[in-house]
Structure formats: structure tokens, C-alpha cells
Amino acid sequence: MRPELIDDVSQSALDPAGVGAARIADLFHWMVGGGVVIWLIVIGLAVYSIVVPRGHRPRLTKTLVIGGGAVVPTIVLSSLLCYALAMLPDLHQPPPTGSLTVQVSGVRWWWRVQYRTDNGQTIETANEIRLPVGEAVDFKLTSEDVIHSFWIPSLGGKVDMIPGRMTRLKLHPTRVGTFRGVCAEYCGTAHAQMRFDVIVMRRPEFDDWLSSQRSEAREPAQQPAIRGSVLFKRKGCGACHTIRGTEAQGRVGPDLTHLASRISLGAAIKPNHTENLRRWITETHHVKPGVTMPAFQSLDEGEVDAIVAYLEQLH
Ligand code: CUA
């Protein structure tokens with residue numbers, strides 16, 4: 001039995017796997033260091049004032065108030081400010097021209113992901129972002145409804161996704177691995193289940209993946225997937241979902257053209273396997289409370305099997 005929760009992927013800003021995240025972790029460590037120094041001085045003086053009787057203390061009150069209340073905080077805070085300001089321009093520098101561009105839209109409660117290929121083709125996927133290691137990537141971020149916030153703690157800082165506006169983020173992964181992305185701005189019922197998978201791969205594997213995502217879905221050749229494709233049409237799934245190469249052209253929900261190639265379901269809340277796919281279709285709201293997709297409870301066992309078989313051959 002596979003684990004139901006998929007939280008074994010890295011989601012820590014303190015275990016950086018990207019240039020931006022490494023800077024942020026550095027800044028955090030300096031801030032903790034500065035905070036500890038101030039804390040030790042303040043607590044030391046407090047203990048001193050309790051332990052040493054009044055008559056035995058040197059007359060240093062004025063010096064301590066000025067030093068501890070103004071000079072030391074000014075030095076510590078100015079140093080941290082200078083450090084942070086010095087690293088900002090680099091983080092906000094646009095990536096070199098010709099870099100990979102990924103456009104991501106926040107939708108309650110999932111992520112529309114689009115890649116622009118060299119020949120101008122747009123490839124759409126959902127809730128999974130694959131990136132080549134060692135390259136700067138230009139993210140163009142927006143929202144289709146409310147404000148969301150795009151955050152991959154292991155790779156860099158977070159940026160708000162605002163309806164009607166495009167925000168930018170440069171990420172530069174430095175290590176191969178699977179990382180967790182999350183929505184970092186409260187956006188309604190399923191905010192906590194609005195997550196995505198980030199898979200950082202070597203360039204040749206990334207190129208293979210991207211070219212595999214280019215292809216359209218083929219008509220299934222075997223039962224029960226053939227029956228599943230008919231049911232998918234008849235039940236109106238195509239009104240919300242796109243499967244490129246078929247009549248299904250809906251834009252409300254995630255593109256399912258290569259669903260079987262993704263590692264998770266429901267915006268990275270469950271591993272992508274048969275049992276979870278069945279549950280997603282029939283008990284949608286138990287799997288993810290608040291989700292806008294209706295549960296198809298009226299389907300019989302055989303019909304669910306057929307639809308699942310159809311979806312599972314969408315590699
Ligand atoms: Cu989207 Cu919180």
C-alpha cells in the first residue's frame with residue numbers, strides 16, 4: 001500500500017536547492033545571529049541588574065540606555081538592511097534572454113502551467129512544474145480569480161499572483177530533486193490543499209519530458225479504455241477539461257492530456273495511482289473539501305473502471 005500523504009518531498013526554505021533560496025537562508029541565519037546577540041546582551045544586563053545590588057553597580061545607566069537602546073540596534077539593523085539590499089538587485093535581475101519561460105496561473109484551488117517552446121507552441125499542464133537544473137527560469141505569474149501566492153520554499157522567495165496583472169519571478173534550481181510548491185496567500189476553502197510538485201531534472205531528461213508533453217492524446221486501442229473515452233464524452237467531462245487531440249476542450253479545470261505522467265492528483269494532495277483516481281472521481285469532496293469538480297456518484301463500478309482506464313493511458 002502506497003502512503004496516502006505525499007509529504008516526503010522537500011519543502012524547507014532552510015534546505016535550499018536554488019540560488020534565491022540560498023540567499024534567503026543566508027539572510028535568515030544572519031538575522032537569527034543578530035537576534036541572538038541582542039538577546040544575550042539584553043538578558044545579560046537584566047540578570048546583572050537583578051544579581052548585583054544597586055549600591056555596588058557602577059553609574060553606567062546613561063551609557064547603557066544610549067548604547068543598548070540606540071547605538072547597538074542601529075548598527076545591527078543597518079547591517080542587516082545593507083546585507084538584504086545588496087542581495088535584492090541580483091534576485092530581481094531578469095534572467096538572460098532565451099531562458100526557459102514558464103507561465104503559471106493560480107485558479108481556486110490548482111495551478112495552470114504553460115510552457116512556451118522554441119517554435120512558439122504552448123504546452124499546458126497542471127499542478128506539476130518540471131525544470132532543468134542549473135538554469136535560470138523566468139516565471140510569469142497571474143491569477144484567474146482571487147489573489148494567490150506562488151512559493152517553492154526550496155527554490156526561492158514567494159510572489160503574489162494577482163488577477164489582471166502579471167508578476168515575475170526568477171528561479172535558478174541548483175540541485176536535482178522533487179520539491180513542494182504551495183499557495184502562500186489564503187484564497188478560500190481549499191487553500192491548504194493548493195499545492196504543486198516541482199521536479200528538477202537534468203537537461204536531457206527535461207527535454208525528453210517537454211517533447212513528450214507536446215504530443216496530442218491518441219484514441220485508446222483497448223477496452224475498457226475505449227468505453228472510458230465514450231463515457232468521458234457522455235458525462236460532459238470535456239466541458240471543464242481539455243484532452244488535446246479530442247473533443248474535450250474545457251478550460252475550467254486542469255488539462256488532462258498527459259495526466260498519467262504526473263506524480264500526483266488534486267493539486268499535489270494524493271499520489272497518482274488507480275485507487276486515488278477512482279476516489280477522486282466518485283468521492284471528490286472527501287478527497288478535497290471545497291473542490292469545484294462535482295463527484296460522479298451515479299457511475300457504476302464498471303463505468304468508473306472504464307474512465308480510470310482511459311485516464312491512465314494518457315501518458
Ligand atoms: Cu491559492 Cu491560497
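Backbone N, Cα and C define each Cβ position, glycine as well.
No curator has checked TrEMBL annotations; they are predicted automatically.
Here the structure is a predicted model, which means the values were calculated and not measured.
For reference, TrEMBL has these:
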DOMAIN    97-212  domain 'Cytochrome oxidase subunit II copper A binding'
DOMAIN    223-315  domain 'Cytochrome c'
TRANSMEM  27-51  transmembrane segment
TRANSMEM  63-86  transmembrane segment
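Same-chain residues lying 6+ beyond the ends of the transmembrane segment (27-51) with a Cβ under 8 Å from its Cβ atoms: 13-14, 57, 64, 68, 72-73, 76, 79-80, 83-84, 87. Residues 27, 30-31, 34, 37-38, 41-42, 45 of the same chain lie 6 or more positions beyond the ends of the transmembrane segment (63-86) yet place their CB under 8 Å from a CB of it. Under DSSP, the residues of the domain 'Cytochrome c' (223-315) split into helix, strand and coil as follows: 41 helix, 6 strand, 46 coil. Note: the domain 'Cytochrome oxidase subunit II copper A binding' (97-212) comprises 13 helix, 60 strand, 43 coil (DSSP; helix = H, G, I, strand = E, B).
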